[in-house]
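Accompanying notes for the structure given below.
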Amino acid sequence: MKTITKAPILFRGGDYNPDQWLDRPDILEKDVEMMKKAGMNTATLGVFAWAKYEPQEGEYDFAWLRETMDRLYAAGIYTELATPCGAKPNWMAKKYPEILRVQANGVTDHQGMRHNACPSSPIYREKVHNIIEKLVEAVGDHPGLILWHISNELGGDCYCPRCQTRFRDWLRDKYKTIDALNHAWWTGFWSHHYNDFDEIEPPFENGEQSLLGLKLDWRRFTTWNMTDYVHSETELLHKLTPNVPITTNLMEYFPGLDYHYLQKELDFVCWDSYPHWGRPDRSITTTFAMTAFDHALIRGCKRDVPFFTMESTPSLVNWHEYNKLKRPGVNRLQGLQTVACGGDGVQYFQWRKGRGGTEQWHGAVVDHDGRDDTRVFKDVTETNAALNALTPVIGSLPRAEAALIFDWDSRWALEDAWGMQIQQKNLRETVCALHEQLGRCGVDADVIGVEESLDRYKVVVLPMLYMVKPGFGEKIRQFVANGGTVIGTYLLGYVNDSTLAWLGGFPGDGLREVFGVTATELDTLYPGERNTAAFPDGSKAAIQDYCELLETTDNTDVLATYGEDFYKGYAVATHHAFGKGHAYYVAARMDADGNAKVFRAAMAQAGCTMQTLPDGVEYHCREDERAVYHFYLNTTETDKTVAVPTGADLLTGKTVSGEVTLGRYGACAVEVVK
Ligand code: GLA
Ligand code: ZN
């Protein structure tokens, strides 16, 4: 069994802030008793405790931390210890104003809020090192310490003079000559030629917004710079406590950092999961599907190591536009889904509601009433019991026959591009919907970056992969030539790694030959406008938003054609045999039924293990040397009957076989021993 920390547990805990309650020892005593009762086995401590650890520069107090860790450990609860760098103390900002961040409009922040220091500041880094060293001196040897949680939800960029200088140095290092940069950024446009690296400014809000290469490189630099900052923490921690693994809490589809790059500093990844349950414009089933995508995206950052959810809410958050309670059953199913998708733990923000501050109305396991018999407390306890029953799956990994490619650079380039639907390109919705499309056929899919090897997959999907970096075309060509199946969509391969358009027709970098198509033009529809895709069996699918006009080669099979407009009769979905494999292309944003036709055909041809699932039932699969674990989740309020393999349902301990009926938000986890 490959566990992510020394503790062979399925993590069940949450953010615990005793530092806000030090004047209430009665409450602190009770917390640990209640955690036991709720079935918790971990607590995340000290995320924002810097001002308690170091109330004045050079004055420290870790006694309360050690006592808390002792109390927790005595009750069988491990500590995940944060480095407290998510928020700096007031005294520090006052004494060292150069550590304040500068915004994209050039204005320096006042002290306040959190995630608010310049990651380049040598003084800040020195202070961080110092507090980490003191923390390790105080509790680094504690038997309850199982992992480090670096800072909190890293993100944000800083436009201070120091960060600007680092940016220019980073550019010098990358491009070597200013000519190479001018070429990559296409600076002949609007007379934006640079004579020297010193002339370059970051893309200030009221500054240079027209060079897309500059914007992209700023985002890459920001990732590099933040990762360099993280490295300054991880390097020290690895030296001081070599046996304690390191993670940080990522944020699903976060725009600010390329997690495929940042993950290199982490031993395993975690994320904070706050879906919008109960939005009137989105079904719970769709919300679950989006969450499954987010799990796949995050776990794909380190696909051979389990992950877990560092945070989720047991009831509601305080920062959605409308803060709605989770309906009964949803929290349990969300927890089970996390495990089904490869997670080895489910944790909450937070254990106990604080009395003040902006998060005073954020859900917590223990409410202001301090009771352990509330609906939420009971729900968490029941969920923990179900999670505990899933302990045999820990260390196993998702079994995915398919992968979708997602690339932060490509996403940024597409979001910044002036064209198509400028504001609403809907990349996330599209990738999610296609992930769900595979899932509906019972095929669990990874979501991976462009650098990962494709060897283990039968099908690889390139959804709106606008940027194709030189060499990626060759990788896909090899994959297909050797027998793989690839599905590309509209907007594939328009630009290279500098955001320059590929010349000679799209998709670029040699992909036209693989797909047997050339996309010559792109039509963007207004909201409400529709085209149709007409299939040979007479069925039609609706098309919205994007329609590419394709030229096909003689060997390309046309699977469907446009039903309307001047390009009526042009190919909209195609198949092309290439080498030993197959390349499918979908040239328009078709509805789910239309996509299903192409995707099903592709998966069947690729030999994927498909199943027929009732609407609203999700299937996920994990595997280790010992067994295969099949998860069926009913994301609806009506009973659903599913066909299951013969094995033990870990949630009930009973053997199941044939068909199982899952009630409202019900689930089963069938262990089939090898
Ligand atoms: C984030 C943060 C937590 C808390 C929660 C509230 O995930 O990491 O500190 O603010 O949001 O939902
Ligand atoms: Zn800075």
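Each Cβ is built from the backbone N, Cα and C atoms, and glycine gets one as well.
Annotation comment: TrEMBL describes 15-389 as domain 'Glycoside hydrolase family 42 N-terminal'. Per-residue confidence over the domain 'Glycoside hydrolase family 42 N-terminal' (15-389) averages 98 (mean pLDDT, predicted model).
A coil conformation is recorded for Trp319 (substrate binding site) in the three-state DSSP classification, outside any helix or strand. For Trp319 (substrate binding site), other Cβ atoms within 10 Å of its Cβ number 11. The substrate binding site annotation in TrEMBL covers Arg114, Asn152, Trp319.
Residues or ranges marked as Zn(2+) binding site by TrEMBL: Cys118, Cys158, Cys160, Cys163. Long-range neighbours of Cys160 (Zn(2+) binding site) (same chain, six or more residues apart, CB within less than 8 Å of its CB): Glu98, Leu100, Arg101, Val102, Thr108, Cys118, Ser120. Annotation note: Cys160 (Zn(2+) binding site) sits in a coil segment as assigned by DSSP.
Summarising the annotation, TrEMBL assigns active site, proton donor to Glu153. Following the DSSP three-state reduction, the secondary structure of Glu153 (active site, proton donor) is coil.
Proximity of Glu311 (active site, nucleophile) to non-local residues of its own chain (separation of 6 or more, Cβ distance below 8 Å) is seen for Gly14, Asp15, Asn249, Asp272, Ser273, Tyr274, Gln347, Tyr348, Phe349, Gln350, given in sequence order. Annotated active site, nucleophile per TrEMBL: Glu311, in sequence order.
The feature domain 'Beta-galactosidase trimerisation' is assigned by TrEMBL to 400-606.
The domain 'Beta-galactosidase C-terminal' annotation in TrEMBL covers 616-666.
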Key: Neighbour tally for Glu153 (active site, proton donor), based on other Cβ positions within 10 Å of its Cβ   = 19
Task = Anything from the recorded positions Asn152, Glu153, Glu311, Trp319 with its Cβ under 6 A from ligand 2? List those in sequence order.
result = none
Proximal but sequence-remote residues of the same chain as Arg114 (substrate binding site) (Cβ under 8 Å, at least 6 apart) = Phe48, Gly86, Ala87, Asn152
Remark   = Residues near Cys163 (Zn(2+) binding site) by Cβ (under 8 Å) yet at least 6 apart in sequence within the same chain, in sequence order, are Val102, Cys118, Pro119, Ser120, Asp157, Pro202, Asn225
Note = recorded positions Arg114, Cys118, Asn152, Cys160, Cys163, Glu311: those with Cβ under 6 Å from an atom of ligand 1 are Asn152, Glu311
Remark   = Integer Å value for the Cα distance linking Glu153 (active site, proton donor) with Trp319 (substrate binding site) is 15
